[in-house]
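Working notes for the structure below.
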Amino acid sequence: MNELDATDPSDWNQTKIPSLKGLDSSLRCLICHEYFRAPLITSCSHTFCSFCIRDYLREHPMCPACRAPEQESRLRKNTILEEILESFKVIRPTLFEFLKVENVPKPVLQAPETVIAQDSASGDEEWEDDLASNSSPASIAKKTSRDSKKRKREDLVHCPACSNLVPHNQINQHLDSCLNSPSSPSSSSSPYKNKDNSKSNSLLSFKTDDDSITKRRLRSFNSADELPLKDRVRLPKLTYALLSESKIRSKLSEMGLPTDGHKQLLQRRHAKWVTLYNSNLDQKQPVSKRNLIRQLIDWERVQSKSIGVEKEKLGGGDWEKAYAEDFADLINRAKQSTTNKNDSLRNTAVESSTEPSTSNGFPATSVSPPLTIDLTNSQTGSDGPQS
């Protein structure tokens with residue numbers, strides 16, 4: 001199946017087995033709602049895409065499904081689910097075409113008498129044909145041979161290594177010899193061949209690429225050898241609060257990433273790159289570094305459009321023109337506030353200067369002068385001169 005094909009679990013509603021919708025949904029990520037890509041399982045047994053869960057845990061340290069506490073270091077690869085998904089994606093188009101309900105035109109209903117007559121006539125003819133066919137020895141022998149072939153085919157199973165039909169009681173010996181041999185036997189060397197090409201008899205008629213699936217599954221056990229050791233080292237996270245802007249910029253420069261922008265932009269760029277790089281290591285077929293850088297640039301472009309402010313217009317003349325009225329209003333408010341404050345201080349100073357004060361700083365109180373009595377004049381006038 002092509003990765004660009006848009007599929008949805010509701011596609012199975014118009015097939016002969018609508019319950020396959022549940023199987024299709026269980027193979028999709030709860031975050032991006034697409035088929036798992038490098039699935040990782042959490043400590044609470046939930047599975048997500050490697051990139052989706054790493055990007056989510058960067059902002060929310062919890063499981064998106066059950067909200068349980070989770071850390072990126074606890075994530076583990078879900079290899080068996082990835083193999084099941086690869087097989088399902090191969091057979092999905094053929095399975096969908098096989099189970100698709102065809103729009104067959106409804107037959108025109110006839111009169112009841114005619115229908116009954118035709119049914120009875122056809123029934124009599126079929127009964128006579130059955131009697132004639134069953135009575136001949138050749139037909140009996142043919143039927144016996146057909147039944148024996150059917151039973152013989154039911155006793156056969158597919159070898160998971162070479163996809164050949166092998167009797168079920170000999171599958172263990174055949175599997176040992178098939179895996180130990182330097183080259184697996186080809187499907188043409190098997191004495192049993194699937195000759196049933198009819199789509200209506202069995203699901204074994206699907207033309208799937210079993211050999212390629214088997215090879216990918218066998219290679220999964222040696223997935224550690226797919227990348228060199230130096231390319232499989234995961235990038236550590238950084239504590240940006242302890243790093244200066246120049247240090248973060250140098251880290252990005254060492255990785256060959258853009259170094260323009262302010263510190264917050266550099267932090268987001270580095271964090272996104274760590275998520276992209278580490279999730280790419282979980283892929284069976286990791287993409288190149290150039291592809292990852294292109295994804296990072298596309299992500300930054302989308303982020304800048306969502307904010308609605310272009311980088312080159314920050315602090316420019318367009319910004320001043322757009323908010324000129326707001327700036328003028330803020331300036332007027334600041335001037336008015338300063339004027340009111342100065343008037344208040346001036347009035348307070350005038351009031352304090354008009355009040356008399358003592359040396360100790362407190363206002364002076366009005367005190368009447370002391371009463372003085374001239375004792376000399378009063379004493380002379382009353383007694384007179386003495387001789």
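Including glycine, each Cβ sits where the backbone N, Cα and C put it.
Swiss-Prot annotations:
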BINDING   Cys159, Cys162, His174, Cys178  Zn(2+) binding site
COMPBIAS  122-131  compositional bias 'Acidic residues'
COMPBIAS  177-192  compositional bias 'Low complexity'
DOMAIN    240-274  domain 'SAP'
REGION    119-153  region 'Disordered'
REGION    174-206  region 'Disordered'
REGION    335-387  region 'Disordered'
ZN_FING   29-67  zinc finger
ZN_FING   156-183  zinc finger
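For the domain 'SAP' (240-274), the mean pLDDT of the prediction comes to 89. Remote same-chain partners of the domain 'SAP' (240-274), defined as residues 6 or more beyond its termini with a Cβ less than 8 Å from a stretch Cβ, comprise 55, 58, 289, 292-293, 296-297, 299-300, 303, 311. Cys178 (Zn(2+) binding site) is surrounded by 18 other CB atoms, counting those within 10 A of its CB over all protein chains shown. Long-range Cβ neighbours of His174 (Zn(2+) binding site) (same chain, at least 6 residues apart, Cβ-Cβ under 8 Å): Cys159, Asn164, Val166.
Residue density at Cys162 (Zn(2+) binding site): 22 other Cβ atoms are found within 10 A of its Cβ, drawing on all protein chains shown.
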